[in-house]
Amino acid sequence: MESKSEDKPAPQQRVSKDLADGEIFKPGDTLADDEELTVALANYVPNTVEERRLVRKIDFTLLPCLWWMYVLAYLDRGNIANANAAGMSESLNMKDNDYSLLVYLFFVGYFLCEVPSNMIMNKCRPSIYLPTIGFLAGRFFLGCIEAGLFPGAIYLLTCWYTKKEIGKRFCIFYTSGCIAPALGGIMAGAIVKGLKGVRGIPGWRWLFIVEGALTVFCGFGLYFLLPDYPRDARYFSPDQRRLAQIRILVDRQVSIGSTTRRITSWQAFKAVVTDGKAWFFLIAYSIIILGMSISYFVLTILKTMGYTKVTAQWMTVPIWITGAVSIGSVLDFRQAPR
């Protein structure tokens, strides 16, 4: 007979919670409006066999989709460095400042559209909105569109995982940012070497064609694979969807009878802007971005050291593999709250 629980349910405080659009409830809902949800919340016991089975299912459905989407996004944003090392600047008679401007344009769009993108995603199904990002291109517009993927993926993870679970899952997700450049270096070397001059097209153009086609193909498939929010996710039974909602409510200390007041995206934005912790993380992330910019110029540096176009592509692979291993070595398997 399956064990019902390993832990005693924590006492719940009677608190009022503000929930962002689209997470668990429909507009104007309260816990009292849903008798089934109220009963389930009252009877919730944490860490049951059913809950552990649900978490494993989330791990094998949601996390791989988001991980692969971020790999593709990184390939799309980073292939300009591979193309430049393969002769793009020479073919287009570009100066060094022209290439730097192209890199800069991506981040302008990225900066301007991250927050608005998550506001839009609150009104849409993630399984529609996030894969659509894979279909749209253009350097400035690539930044605008891809700006929504990283914050959107993090937001969706928080809708499914509790505070104790999210740390490890985020580390796993973020390894994609290291695997993608390593994969990009391997692919770029193979494409530039194998397709150079085929049908009169230089290797760096084939790089954009092949990686762009891969992104579009996978983006279409993710329409059918990526789960939505817990309340209406595909591939989950009604009982599993209900349990997914309950565990997040308990994790956020929403009590029976409390009102889940609907807040607008702008109210949520204002709350973040006035939160001191958000500014601390903004500064920390800005420092990280400065270090990440080297990825767009390391291939150019390697070429000046005498490496060929193909060898320079492959020389970057160990750098990113080391990063992925480093992240993996510090995965928070202790499940500490984050």
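All positions are counted from 1 along the displayed chain.
Cβ coordinates are placed from backbone N, Cα and C, and glycine is handled just like the others.
Please treat TrEMBL annotations as automatic predictions, because they have not gone through curation.
Residues annotated as region 'Disordered' in TrEMBL: 1-21.
What TrEMBL lists as transmembrane segment is 101-121 (among others). Outside the transmembrane segment (101-121) by six or more residues, the chain places 22, 77, 80, 129-130, 139-148, 150-152, 155, 265-266, 269, 289, 293, 296 with a CB less than 8 A from a CB of the stretch.
For 133-158 (among others), the entry in TrEMBL reads transmembrane segment.
Per TrEMBL, the feature transmembrane segment maps to 170-192 (among others).
Annotation source TrEMBL lists transmembrane segment at 204-226 (among others). Among residues of the same chain six or more beyond the transmembrane segment (204-226), those with a C-beta under 8 A of the stretch's C-beta atoms are 61-62, 65-66, 68-69, 72, 75-76, 79, 82-84, 86-88, 91, 126-128, 130-135, 137, 184, 187-188, 191-192, 195-196, 198.
Per TrEMBL, transmembrane segment is recorded for 279-302 (among others).
Annotated transmembrane segment per TrEMBL: 314-333 (among others), in sequence order.
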Same-chain residue ranges lying at least 6 outside the transmembrane segment (279-302) that approach it to Cβ under 8 Å: 78, 80-82, 84-85, 99, 103, 107, 181, 312-313, 315-316, 319
